[in-house]
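Scroll down for the structure; my scribbles are underneath it.
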Amino acid sequence: MMLRWSGIWGLYPPRIFPSLLVVVALVGLLPVLRSHGLQLNPTASTIRGSEPPRERSIGDVTTAPSEPLHHPDDRNLTNLYIEHGAKPVRKAFPVLDIDYLHVRTPFEISLWILLACLMKIGFHVIPTISSIVPESCLLIVVGLLVGGLIKGVGETPPFLQSDVFFLFLLPPIILDAGYFLPLRQFTENLGTILIFAVVGTLWNAFFLGGLLYAVCLVGGEQINNIGLLDTLLFGSIISAVDPVAVLAVFEEIHINELLHILVFGESLLNDAVTVVLYHLFEEFASYEYVGISDIFLGFLSFFVVSLGGVFVGVVYGVIAAFTSRFTSHIRVIEPLFVFLYSYMAYLSAELFHLSGIMALIASGVVMRPYVEANISHKSHTTIKYFLKMWSSVSETLIFIFLGVSTVAGSHQWNWTFVISTLLFCLIARVLGVLVLTWFINKFRIVKLTPKDQFIIAYGGLRGAIAFSLGYLLDKKHFPMCDLFLTAIITVIFFTVFVQGMTIRPLVDLLAVKKKQETKRSINEEIHTQFLDHLLTGIEDICGHYGHHHWKDKLNRFNKKYVKKCLIAGERSKEPQLIAFYHKMEMKQAIELVESGGMGKIPSAVSTVSMQNIHPKSAASERILPALSKDKEEEIRKILRSNLQKTRQRLRSYNRHTLVADPYEEAWNQMLLRRQKARQLEQKITNYLTVPAHKLDSPTMSRARIGSDPLAYEPKADLPVITIDPASPQSPESVDLVNEELKGKVLGLKRGPRTTPEEEEEDEDGVIMIRSKEPSSPGTDDVFTPGPSDSPGSQRIQRCLSDPGPHPEPGEGEPFIPKGQ
């Protein structure tokens, strides 16, 4: 029985075989590359193989020894002479030689990065698997397989060193999150995020540590020697939500912005609590006695670590913004300042045991608005894509090395301790979210629903930060560190695999609001700022100094002092609202070009253009034209609809995105109708035709004039115009002949008027030609002209040589030549 490839998990051979071949080749090369290298020279191979060199470990790779060890019998190999009989014979020049130790470190790092990139490509090529299993789970599985293969061939798998993780892999992820942080959402929910990050993490650490200490007392001889400080330290490590795991899972399920910023903001800001508790309990473990003063100093260190990290980040962010002011002549190095200053902020914070994550976030948030105002658009694109690429590769390497380190590490298993840790983590998370949400909802305008609380509790994932902190434990002070590391890996695997794989179907089952992918329009931005100013004025009138008041004060200070120092040129003086009007006019111009109406742009003053207001001109010249009542009513409708949308966004805390525009289809249809009307008007203007019907318009035949050479005898019913040849341009020289006769003849010949046109002549000599359209099926859905803007009613100034439409000569009645 033959099976079709398309029926086996949706796999397709051309898609999966190249990825599998490359992966198998890389995995097969790794054990070989981790050896001491291949030598084509047998003498050198014997000498180097007799005594293996000592190796120095840097992170997850092993570097070559600084000084090669030579065999004692190695005498003057540089002369390349070998004794052969009685004559000294010079050795042949080596055509090919391999020195793997020279390129070992960068080559292995490149192989791991290449493996990570190929894994990401392979997962997205197979959409069936990636839609069910999160990418982080698949990467951990790949790490387990690679580690098992390396260990199976007798080699030692590389281990994820804590220094490599904290100094090289973690900063790109945090910088990407901090630089592109949605600042408005973050500040509007800052109180809720801080409560979850600080109070929630403290609750989880002490609740978990206390219960685990009680379990250790009754758990058996293997865990009886674990003290209270040990369990509290372990609780502080395992209680923090990991930002890498949260980003990896929440970006795939596209959860709404409120829940995403709450969970992700908690994972970012709980770093200060984790660092303080970790160093506090680590120091207390070496003390013989812990006093009240030590506890007070530990409490004080929390503010020093958190606020100190923020201060370091702000300083480096301001320096980066000020430096970017002078890079207008050297655009190439602009992105480099963003990366270097941010990384130096992280390293400076780690130098003083401050929160490096807080420093990175603060530096990214502070420098972004000023740097983007100074740098070019190409530099901005470079920064964006480089940060995304760097963070994506780092995240992939972290999850792969989690799997490899699980195979390489030494483990100690205890069912009681591991299962208790897993259960207490879940219980502490659920209780903490429920209690804190009950307290938070008393002060929030937009309450957190039970569905939101469930997603927040279920999204508390653990990751590589807990693993790296557990690996840093000293075995001298913590003899049970192997048991702690095993329990940490178990919790990480449970949260990433079980919770990460089931959160997507649970979100769909509970019908939790998803993220809106549409971008915010200029109209949305303008009215959002209008509401901010309105709420600021209301707070001033009421005497209540809320966050709108302080935000307005900060914006005024920023505009008056900071922008002048950090932003170069005139860009710091341009009002933001005028910039939005400029964007709106540009958008309207693009729409006109796309609709084909660029040649018909009116020359009147735009009602939305702020460029028409000249500050130095007279007051009478700055008055905008008066609007009609229809225009005012249309503006009221637009404002009313947008204010209603903004109020709905405030209820859902989703103000930075737009729902699907219900008027978009009507707007497109209106553009299509305008385009058809312009095309019809252009035909009328170019060809002097007045259509009675859009499908069959009668043409207009030109009347003959007296100065025309008469090759044929004209018909009697045609009017003759006599023009004085002395002054043919003067209107007095034009004599309209047989005008009344033409009307009578036309009336007698044609009978009642059947042409769907009606002529009316006013006092100025302007003919009003109104076309009557007969009802025909299928014409209503094409275009229905109105009484004012339709080309059916045209005011055409009568030409002196054109008496108007008249019947064409009938077929078969040619002109007779004169004199015949």
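Just so it is clear, glycine is given a Cβ too, placed from its N, Cα and C backbone atoms.
Worth saying up front: this structure is predicted, and the values here are computed from it rather than measured.
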Self-check item: Annotated phosphoserine residue, as Swiss-Prot has it, among S35, S130, S707
Solution: S707
Quiz prompt | Membrane side match, Y289 / D474, Swiss-Prot record | solution = yes
Exercise. Run through S697, S776 and tell me the one Swiss-Prot describes as phosphoserine.
Key: S697
Quiz prompt | Stretch with greatest number of CB pairs under 8 Å, the transmembrane segment (355-375) reference, 103-125, 135-152, 257-287, 415-442, 480-509 candidates | solution = 257-287
Practice problem: Answer with yes or no whether the transmembrane segment (257-287) touches the transmembrane segment (333-345) by the criterion of at least three Cβ pairs under 8 A, sequence separation 6 or more. | Solution: no
Self-check item: Same-chain residues near the transmembrane segment (449-473), Cβ under 8 Å, at least 6 residues beyond its ends
Solution: 160-162, 165-166, 169-170, 196, 233-234, 237-238, 240-246, 249-250, 255, 258-259, 262-263, 271, 274, 278, 398-399, 402, 405, 409, 425, 429-430, 433-434, 437, 481, 484-485, 488-489, 491-492, 495-496, 499-500, 503, 506-507, 510, 512
Quiz item: Residue counts in helix (H, G, I), strand (E, B) and coil for the topological domain 'Extracellular' (474-479), per DSSP?
Solution: 0 helix, 0 strand, 6 coil
Exercise. Take the transmembrane segment (415-442) and find every residue of the same chain, 6 or more past its ends, with a Cβ under 8 Å from one of its Cβ atoms.
Key: 191-192, 195-196, 199-200, 203-204, 207-208, 211-212, 215-216, 219-220, 223, 234, 238-239, 448, 453, 456-457, 460, 462, 483, 486-487, 490-491, 494
Quiz item: Which of 135-152, 163-180, 378-408, 480-509 shares the most C-beta pairs under 8 angstroms with the transmembrane segment (257-287)?
Solution: 163-180
Practice problem: For the transmembrane segment (103-125) and the transmembrane segment (378-408), check the count of CB pairs under 8 Å (sequence separation 6 or more) and say whether it reaches 3 or more. | Solution: yes
Exercise. Using a Cβ-Cβ cut-off of under 8 Å, list the residues of the same chain that are 6+ residues beyond the ends of the transmembrane segment (292-326) and lie near it.
Key: 272-273, 275-276, 279-280, 284, 334, 337-338, 341-342, 344-345, 348-349, 352-367, 370-371, 374-375, 565-568
Exercise. Output the single range from 163-180, 378-408, 480-509 maximising the number of Cβ pairs under 8 Å to the transmembrane segment (135-152).
Key: 378-408
